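Asks: Per Swiss-Prot, active site, proton donor is recorded for HIS266. Positions annotated as Zn(2+) binding site by Swiss-Prot, on the basis of sequence analysis: HIS79, HIS239, ASP243.
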Amino acid sequence: MIKQSTLKKSINIKGFGLHSGKPVKLTLNPAPVNSGIIYRRIDISPPVEFISNVNLIKNTNLCTSLENKNGVNISTVEHLSAAICGLGIDNIIIEITSSEIPIMDGSSWPFVDIIINSSGIKTLEHDKKFIYIKKIVRVEKEDKWIEVTPSNKFTLDFSIDFDHPVISSTSQNFFFTFSVNSFINQISKARTFGFLRDIKYLQSNKLALGGNCNCAIVIGNKRILNKEGLRFSNEFIRHKILDAIGDFFVSGYNIVGAFKAFKPGHNMHYMLLKKIFRNKNTWEFSTMKNNHSYVNNF
């Protein structure tokens, strides 16, 4: 059986909040078996903890945010969540000095890099549990849709449709089969993106105050404003897959299924998760044997 994992040691990360523009400090700590993904706001006295699960998702406008029953929240969790999922980590305590996870360079790579090189991953003596999708689950909203079907792998077949010359000149669809190595090499470095006109509007409304070319792909009327250009020719759709991996893992579980979407986004991901977990006959818990294709991908 494949085993649960955590960090080998604690690590510190510094950055800035995308929307607040303020400095943020993270400490990622090892956690015992069956702890799950725990976020701990240490800027509040006493500290407030969130165990990541679908019921805590409260806001999916521009990012994914968690909020407890007392209204305490943590926002922009998706890129860190994707890094934790992508590295196969099951148990971790994330201490944070703000209400917002730092945006870093707009991808999961800074988190992946520091976890691998400054901590490493420790195997724990307890079987890892997965959620298997048993029946097709689909949600639609206007011309957008997303579905998941039963599979013995975690795959994402996503398409976007942006009517902008910069994005439409790139491939807007991508099929990805999850594995730790493929996540690191194909997905983790894909950055979030935004249009200059939207960033200016958001900043005028005191949002995206930390947004710039150091933490996102910024798109002008006819070109990308980042001097270094794109990291992948299809970086936009790859980042959409990164967001989905992070959002699905906010449920607290690795979900085994074939995901397919047209015009995905945080809200569509959340709608799908709600429908999955609302209908218990659509999924089941299971451990996996080492010869299972999904485990081999890990």
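Every residue gets a Cβ built from N, Cα and C, even glycine.
Could you place the listed features in the three-dimensional structure?
Replies: Under a cutoff of 8 A between CB atoms, and with a sequence separation of 6+ in the same chain, the neighbours of HIS266 (active site, proton donor) are THR60, ASN61, LEU62, CYS63, THR64, GLU78, ASP243, ASP247.
When Cβ atoms from all protein chains are considered, those within 10 Å of ASP243 (Zn(2+) binding site) total 25, not counting its own. In the three-state DSSP reading, ASP243 (Zn(2+) binding site) counts as helix.
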Asks: In sequence order, which residues at least six apart in the same chain have a CB under 8 Å from the CB of HIS79 (Zn(2+) binding site)?
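Replies: Expected: ILE101, ILE103, MET104, GLY106, SER107, SER108, PHE111, THR192, LEU242, ASP243, GLY246.
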